[in-house]
Amino acid sequence: MCSAGSSGWSPAPGDKQPWLQINLNRKYRIVAISTQGIFNSYDWVTKYTLLYGDRPDSWTPYVQRGGNSTLSGNWNYYQVKRHNFHYAFTAKHLRFLPLGWNTQWGGKIGVRLEIYGCPYDSYVMSYGGNDMLAYKFPRARHHTPKDHIALNFKTLERDGLLLHSEGLQGDVLTLELKNSRLYLHISLGSSTVHKVEGLTTLTVGNLLDDQHWHYVTIKRYGRQVNLTVDSHTESAICNGDFTHLDLDTQVYVGGVIEPYMSHLPGKVNFRGCLENVFFNGVNIIGMAQQKEPQIRFPQGQKTIRYSCHDIMLKPLTFAGPNNFLQLPGVIRKPRMSVKFKFRSWDYTGLLMFTRFADDLGALELGLSEGQVNVSLIQPNKKKIQFGAGYRLNDGFWHTVEIVARDNFITVTIDDDEGSPLKITNVFVVRTGDHYYFGGCPKTNNTGRCETKLNNFHGCMQQIFIDNEPVDIDLILQWRWGRYSELLLGTCGITDRCTPNPCEHEGRCIQSWDDFLCMCENTGYKGEVCHRSVYKESCEAYKLNGKFYSGNYTIDPDLSGPLKPFSVYCSMGAYKGWTVVNHNRLDRTKVTGTMVDQPYLGDLEYFNASWAEVTALANTSRYCEQWIEFSCYKSRLLNTPHGQPFSYWMGRHNESHLYWGGSFPESQKCGCAINGTCKDTRFSCNCDADYRQWHSDRGWLNFRDHLPVRRVVVGDTNRTESEAQFYVGPLRCHGDRNTWNTVSFTKPTYLKFPTFRPGTSADISFYFKTTSDHGVFLENSDDRHRNFIRVELNSTTDLLFVFSVGDGIINVTLRSPWALNDDEWHYVEAEINVKEARLKVDYLPWAIRRFPGQTYVTMKFTQPLLVGAAKQKQRAYLGCLRGLRMNGVPIDLEGKVNDKEGIRLNCTGRCLNTTMPCRNGGRCMEGYASYYCDCNNTAFDGFYCHKDIGAYFEAGAWLRYNIRSEAISDEAQWAHWLDPHNFSLGYNQTSDEIEFSFSTTQKPAVLLYISSFVRDYIAVFLKTDGSVMLRYRLGLLTHKFQVSSRNLADGYPHFVNITRHNRTIRIQVDYTEPIKEHITAIEDIRFDSPKSMFMGRVMEVGDIDYDIQKHNSPGFVGCISGVRYNIYAPLKTYFRPNMTHPPVTVQGFVAESNCGAFPPVLGMVPLSDDPWYTGPIFYYIHDDLSSPPVITLLVFLALLLLFGGLYAIYTYLYRYKGSYSTNEPKIVESPSSAKPLTETLPRRKSKEKSLPKIQEELASE
């Protein structure tokens, strides 16, 4: 059947359903499995199921979190894939069932595997419903502050008592199965005198009657108790105030049997098997096997069975999309009888189908809307349909029996013989030769199985056809019937609604492989009822267009655990006040109290718990609450130095010794702050202790102390003493979180406590940046196997990356526009067991849906990092605000550190520049740096400080084309109707002109702007050197004098002309500006600008006479910084950023700064000039070594240097001495020297004849 060896296991290719079975020879506690492909081959398994059990013919499938029993395998032959089981199980036999494998390059099934675990000692006892044992406590009493109880069980029964013990003081410990769920009832003590009810109940698990081992652990420490079944844990705090468990005499195991009762009232004894029952370290079944005296059995109990005898039911699991079971039948029998058990979650599915012989029709048994529907199909007759049962898709076992003969059908559900469904119609029954269960085969459908129902998914067992049981072993051996996509010998049903994956009390509905959350009437929405449908405050409603005051429902923690509650919203012009009322809005009269017996006036806020109203105050920017104390011979704070008689308590249940209108913890009232106290010796009016009515009142507005929880009054026990207090509603406005802002100006991150979201998480924040990448936040475990990360991956791509159970997955949102535009963008990310999704601003959600059996494991151990990934990788530079994690605001501002590059508010380098951008340049924020955008200026350079000028010789001119055609009438009309319409590309009613010039030539036209109509703008020098401005808007030409001085003096002069509607502002050389006005009868629009001219006006068509008169011989000199609105002709000519700039030049025009006007702010300092690389250049880097390391490196470098010099010196000195004594004197030049091959032996012989030389060399 298969081949196995040192290289692994590979079944024969013809094996239809291969599996690998492992006998461990004893019971082990299994914790993990690893798989690998066949060595040096293309054979590996990509997915598989693992079955385990105590017997080789009864199996339990290992089910992952989320209900998926399919484990992921390998993707090549050499890498190892390991699965750590989320709960350890015990087994003697394992079965490896491959479900998918590599088929490329001739690959097939192949695996090498390892199982990880340790030997497990098993102490087992069988219970039949009439069995019991009791463990008697030492000293007949059990008094402990903590307990640890563990046991394993398996059963086919829905109900049964597992453990029970009681105490005389009302202490109770009961563990029982009820309707296939496990219940723990525990009480640490009750008292009818003090009205203390201590009973606490925990519920965990479902479908525990599946004849599989389940592992139960009870841990208690004080009032904290945890109940765990397999991997599901429920926790609770025991009711009452007691911390010890006091039990008397004994604890019952498996039931309660006494002479006066056969079972506990309302309970049934357990039937099944118990294993390894440990009570605080005591092995109860082990003691029973050893017949210890502390173990007691009931009188008359039969033989104790210390082994587990399974009832071999051998169920079948219909788990595939095309599953079916085809069984043969006896043909042409006049009576048909079929009986079986099934369990499922599905609403619809085919249970059984058979076609009668001789074409007499067919019978179909299906599950529909939770009931069994029977359909009888007859040729040429109307289909007969009827239903039986109710809510049969509840996951429990149900029995169906159908008996049919001529003209009669009986259907019985769950063996209820008292009310079978009987149908009498005219029809003929002759059994066919095939019965189909669970579905119809897609191929080789010889029995003509036809149905419109979906395939059945669930379990079946105890199938009888014509009163004969079906042998599952024969089916498994392919000797009886045929099947597809079935698991034989096990029931793999799981309960996906336990624990409930729907949050906020959402109702869970499940099918075989998925679940659905019903969120109606919960106040939440989404796949798992995670997101709140309400806003967090009245301010949020106001920002979303709700301007009317009234009652609203708010949810301050949004997706957090707190419930929504109703408040009154007072919508003002600028603020939306959230108002929460309480039970103390009427004055409360207090008499007869003392300091040691005060009156406690608790406030109960309407529609909200204390945690919910506290969350509102915590997330608001400002809160206030009016408080008033009226007194008649009743002291308040007992100022100036006494112990307060009365006070109030706030958020953290702390006493506050100040009153309304004063400062926190000042021990004063408002009158002391205002200087209006009746007696200046005291800080409160009531502390004067007069026999007349006075009051202290004012606003409490220190938000961190609010809301008021309790008012304590303690000085009204004297004769005629009386006090009255009043507390107003809590009033809050603003959002503390939305503008909680920091900016990152260096590669760094903020550390926050580990994010612990459970199975659902939502993240929201605002960001603003100019960077093209950066990690906003990340949280991971120690090995980075589980993590979540939100990051900007490019200018348009936003990523939500995570690894939470099934490899690294990302959700990518691609924005149609750049996200690094230095504008605020709002990001929302959410992940749950159904899907992960990402959203920015108003773009649609980017969604990644998960398979139906996905489980999300978000168990992180590292701190939450905001601003970068681990080790400051892919750091984010920019601003971040309003960060929320699962509805909880994250206080970013509390982590501000300027040295680390984390600044308060959104303050980058543009706000703190030592050298700002000049000449109208726009500062472009980089947060760690900045640059100046000079595109809409006539200047250049890093700070837009470099003038771009031109020298014009006589006759030279330059033309800049603004438009190539006139503005259409439609565009003009649209702009006339809507002045804010920018379809024209410029503003017709505003102009801004600036330039610098120097010349001695006069007259000359400095600048001329023409249009497609007769409108124009001209600035020119007259013959006397004065400068004139001509404006033609419509029919008339307006003449204005720019300067009466002679500006043709060869010095640079600066001109700025600004027009807005009819007002013209003129400034020359930074002198006091003058204002001129255009008459009201004239048009204020400059229509269809065409060209700009410098040097000379070479416009085609009629030119105004004044312009012609001053146009010759032309401008000679320098002109720079020329700009008209957004057009800079000289910059376009000398710094072109397009292939064909709209500039025409005639004559000699050369770039020059001779006409540049001196900047007012002075030259750029060398220390601020980014292009300066002088002798002082500061370089700072985070990865420099520490000073001791640098000192050591310098020392080693110097040591190597001096060592090398010494070696060179020694080498040269040695050869210098040799040549000076041994070289023949006749050698005068290198050309007369002998070859090197000849000098070596000669040198050796000479050294022998000169011993002094040898001594010298030896000394060296």
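Backbone N, Cα and C define each Cβ position, glycine as well.
Remember, TrEMBL labels are computer predictions, not curated facts.
Taken from TrEMBL as is:
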type     : residues      : note
DOMAIN   : 1-118         : domain 'F5/8 type C'
DOMAIN   : 124-308       : domain 'Laminin G'
DOMAIN   : 314-491       : domain 'Laminin G'
DOMAIN   : 493-530       : domain 'EGF-like'
DOMAIN   : 529-586       : domain 'Fibrinogen C-terminal'
DOMAIN   : 739-906       : domain 'Laminin G'
DISULFID : Cys879-Cys906 : disulfide bond
DOMAIN   : 907-945       : domain 'EGF-like'
DOMAIN   : 966-1154      : domain 'Laminin G'
TRANSMEM : 1189-1212     : transmembrane segment
REGION   : 1225-1260     : region 'Disordered'
COMPBIAS : 1225-1234     : compositional bias 'Polar residues'
COMPBIAS : 1247-1260     : compositional bias 'Basic and acidic residues'
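Restricting the average to the domain 'EGF-like' (907-945) gives a pLDDT of 82. Counting only same-chain residues six or more apart in sequence, the Cβ atoms lying under 8 angstroms from the Cβ of Cys906 (disulfide bond) belong to Thr741, Ser743, Lys768, Cys879, Arg881.
The domain 'Fibrinogen C-terminal' (529-586) shares the most Cβ pairs under 8 Å with 739-906, out of the stretches 124-308, 314-491, 739-906, 907-945. Scored by C-beta pairs under 8 angstroms, the domain 'EGF-like' (907-945) has its highest count with 966-1154, from the stretches 1-118, 314-491, 966-1154. The DSSP breakdown of the domain 'EGF-like' (493-530) into helical (H, G, I), extended (E, B) and coil residues amounts to 0 helix, 10 strand, 28 coil. Using DSSP to sort the residues of the domain 'F5/8 type C' (1-118) gives these counts of helix, strand and coil: 3 helix, 71 strand, 44 coil.
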